[in-house]
Amino acid sequence: MTQKSFPITPEFLAAANVTAEQYVEQYQQSIASPEATDAFWAKQAELIDWIKKPTKISDVSYDLEDFRIKWFEDGELNISVNCLDRHVKNNPYKPAIIWEGDHPSLHKIISFKELHEAVCRLGNAMRKLGVKKGDRVTLYMPMIPEAVVAMLACTRIGAVHSVVFGGFSTQSLGNRIIDSQSKLVITADEGIRGNKRTPLKANVDRALDMDGTDSVSNVIVVHRTGNSVPMSGRRDIWYHSLVDGESQYCEPEVMNAEDPLFLLYTSGSTGKPKGVLHTTGGYITYALSTFRDVFDVKDDDVYWCTADVGWVTGHTYATYAPLANGTTTVMFEGVPEYPTWARIGHIIDKHQITVLYTAPTAIRAMMKEGDTFVRESDRSSLRLLGTVGEPINPEAWDWYYHIVGGGKCPVVDTWWQTETGGIMLAPIPGTVAMKPGAVMNPLYGIIPEVIDTDGVALEGAAEGNLVINGSWPGQMRTIYKDHARFLETYFTEYPGYYFTGDGVQRDEDGHYWITGRVDDVLNVSGHRLGTAEIESAIVAHPATAEAAVVGMPHDIRGIGICAFVILKSSETATESLKAELNRHVRTEIGPIANLDAIYMVNVLPKTRSGKIMRRILRSLAAGQYVGLGDLSTLADSSVINELVEVVKTERAK
């Protein structure tokens with residue numbers, strides 16, 4: 001765990017929204033008592049335009065016999081009004097969305113007024129198709145403006161959207177439609193990313209051939225590429241012909257704060273999909289307040305969260321929070337490497353982006369290609385960088401800070417989950433010097449605890465399981481149609497707490513470091529080692545670009561350490577390099593971190609959101625090459641054969 005820290009530049013501090021002293025004072029006030037926490041969230045709720053202001057702030061019990069999570073329960077509002085109408089009144093022609101297409105020649109700027117009209121037209125059309133408050137609508141779309149229009153149109157009329165990432169398979173899509181019993185599907189003819197097409201409409205057709213999808217009465221299809229797709233006469237409707245004749249105003253549905261807002265399915269490693277349910281008032285309050293705090297938001301910011309709308313980050317921090325705040329949000333259809341790795345920098349310059357929020361996977365991928373592509377752009381418009389999705393190793397953090405940000409932009413390393421609705425731990429910029437790889441501090445109203453396996457809360461510098469003491473407005477309310485699974489997963493192991501499933505270290509300064517999933521903590525000879533810590537040590541070696549570490553059976557140590565390593569393109573895999581890597585890790589962490597197996601590979605098995613599927617690597621490390629479980633969420637299933645060959649060859653030596 002590095003203790004190197006980087007102070008915030010004086011220029012940034014001078015303009016920061018919050019000082020270190022203010023953070024400490026406000027944080028302590030926000031957690032002083034349950035009444036103080038309610039008072040804090042009542043104040044944050046004033047950022048929202050309510051139809052009926054809430055008088056009851058929270059009603060929460062983690063007692064399994066009397067369980068409830070309710071926030072602002074007597075309040076009424078409509079989220080689309082908060083994202084659109086109030087800005088149309090004050091600043092109608094401000095860009096709401098800057099859309100950058102897959103090809104660099106394509107871009108579109110959509111004002112709040114134009115977005116409002118598009119949302120109202122689709123909302124009216126959906127009502128005419130019989131979609132009512134509480135009905136589920138599945139979106140299976142590329143990163144085009146109509147995806148955001150569809151999300152907001154659902155909120156306009158009180159429908160519950162379930163966005164399925166456009167890269168998911170027919171089977172995954174079908175399972176989510178069946179579980180949600182959606183009435184309507186909105187899709188496009190095809191998606192296009194990196195000049196490669198995805199047959200979205202054809203996938204929808206195949207998904208709707210599955211048993212249990214009879215709930216779907218219509219499919220709305222956006223014309224994106226223009227390639228011919230089969231259209232079923234009664235069921236399928238072209239988006240543009242549907243909305244063209246509709247009114248530019250749609251009466252917003254009055255929603256109770258605890259009415260469902262959206263479902264978002266997380267892929268468990270096995271079993272049926274897990275539908276995370278978020279509700280209306282608490283979610284938007286938490287999204288907006290954390291957005292303003294973590295990103296030090298200014299009125300003239302051009303903000304780019306690179307997440308696809310199919311993921312929770314794309315919901316909260318690419319769509320709802322920026323639009324609710326009246327901030328211009330950038331939406332990118334393509335991939336960082338098309339047409340070259342310089343694309344991200346060129347987009348930053350083209351649209352004068354001020355805040356960039358992206359994932360360590362993308363940062364490491366760019367870093368692997370070297371600095372030249374990044375230096376093709378100026379990037380002087382940037383003032384703040386963010387990272388999300390997984391722990392960032394200090395080397396990638398360092399490269400992001402110095403090369404992408406030029407050493408002048410604070411990096412906010414954020415920890416949160418689909419389940420939490422918004423960011424929970426992050427260094428609010430201007431309040432604390434940054435430590436590469438640390439998520440640093442809790443946000444207001446959030447009380448993290450470090451708990452050992454016996455359920456004892458640890459004080460001071462400690463390592464253990466991360467739990468949250470108490471509730472917060474953005475918290476998920478249930479797993480759709482499976483409340484028992486919700487209680488069992490998050491509230492049973494450590495009674496009275498929300499169990500995150502993540503491991504954490506708290507250092508001597510009281511700052512937090514996420515060590516990876518609890519099942520990614522290795523117990524080696526009775527010593528606990530976080531895989532993130534070992535991976536960081538490996539990637540600190542100049543020859544390596546990326547690494548994934550898993551446990552493997554070991555005759556002596558019980559659990560051994562197995563590393564899958566991607567080298568930089570200029571390096572060659574040799575036995576001497578393996579030995580050097582092992583020496584390096586032992587030096588960085590200690591002899592206990594001896595690497596028992598090192599596999600030099602070209603690729604790692606990743607989901608479409610960029611997360612490494614470690615259970616596959618665990619099976620391979622144990623010599624199991626078949627029966628690897630559900631591979632439907634893999635971005636590229638062909639990598640499995642390649643990995644199997646590498647492991648077999650090495651184990652045969």
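Cβ coordinates come from backbone N, Cα and C, glycine included.
So that you can see what the record holds, here are the features copied from Swiss-Prot:
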type    : residues                                                               : note
BINDING : R193, G194, N195, K196, T313, S525, R586                               : CoA binding site
BINDING : G389, E390, P391, D413, T414, W415, W416, Q417, T418, D502, R517, R528 : ATP binding site
BINDING : V539, H541                                                             : Mg(2+) binding site
MOD_RES : K611                                                                   : N6-acetyllysine
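Long-range C-beta contacts of G194 (CoA binding site), restricted to its own chain and to partners at least six residues apart, with a cutoff below 8 Å, comprise D102, G334, V335, E337, Y338. Here the Cα atom of K196 (CoA binding site) is found 31 Å from that of V539 (Mg(2+) binding site). Each of the binding-site residues N195, T414 was scored by the other Cβ atoms within 10 Å of its Cβ; the lowest score goes to N195. Of all the recorded positions in the list N195, T313, H541, R586, K611, the shortest Cα-Cα distance to P391 (ATP binding site) is found for K611.
P391 (ATP binding site) is surrounded by 27 other CB atoms, counting those within 10 A of its CB over all protein chains shown. Among the binding-site residues R193, K196, the residue whose Cβ has the fewest other Cβ atoms within 10 Å is K196. Non-local contacts of the residue listed as 'N6-acetyllysine' by the CB criterion (under 8 A, 6+ apart in sequence, same chain) comprise T361, G389, E390. Distances between the Cα of T418 (ATP binding site) and those of the binding-site residues R193, N195, V539, H541 are shortest for R193. A 10 Å cutoff on Cβ-Cβ distances gives T313 (CoA binding site) a total of 26 other Cβ atoms nearby, all chains included.
Cα of W416 (ATP binding site) to Cα of V539 (Mg(2+) binding site): a span of 24 Å.
Ranking the binding-site residues W416, R517, H541 by C-beta neighbours within 10 Å puts W416 at the top.
Considering only the binding-site residues N195, T313, T414, R517, R586, V539 (Mg(2+) binding site) has R586 as its nearest partner by CA-CA distance.
T313 (CoA binding site) and T414 (ATP binding site) have their C-alpha atoms 11 Å apart, to the nearest angstrom. Under the three-state DSSP scheme, the residue listed as 'N6-acetyllysine' falls in the coil class. DSSP assigns K196 (CoA binding site) to a strand in the three-state reduction. Taking a C-beta cut-off of under 8 Å and a sequence gap of six or more, R586 (CoA binding site) has these contacts in its own chain: A593, N594.
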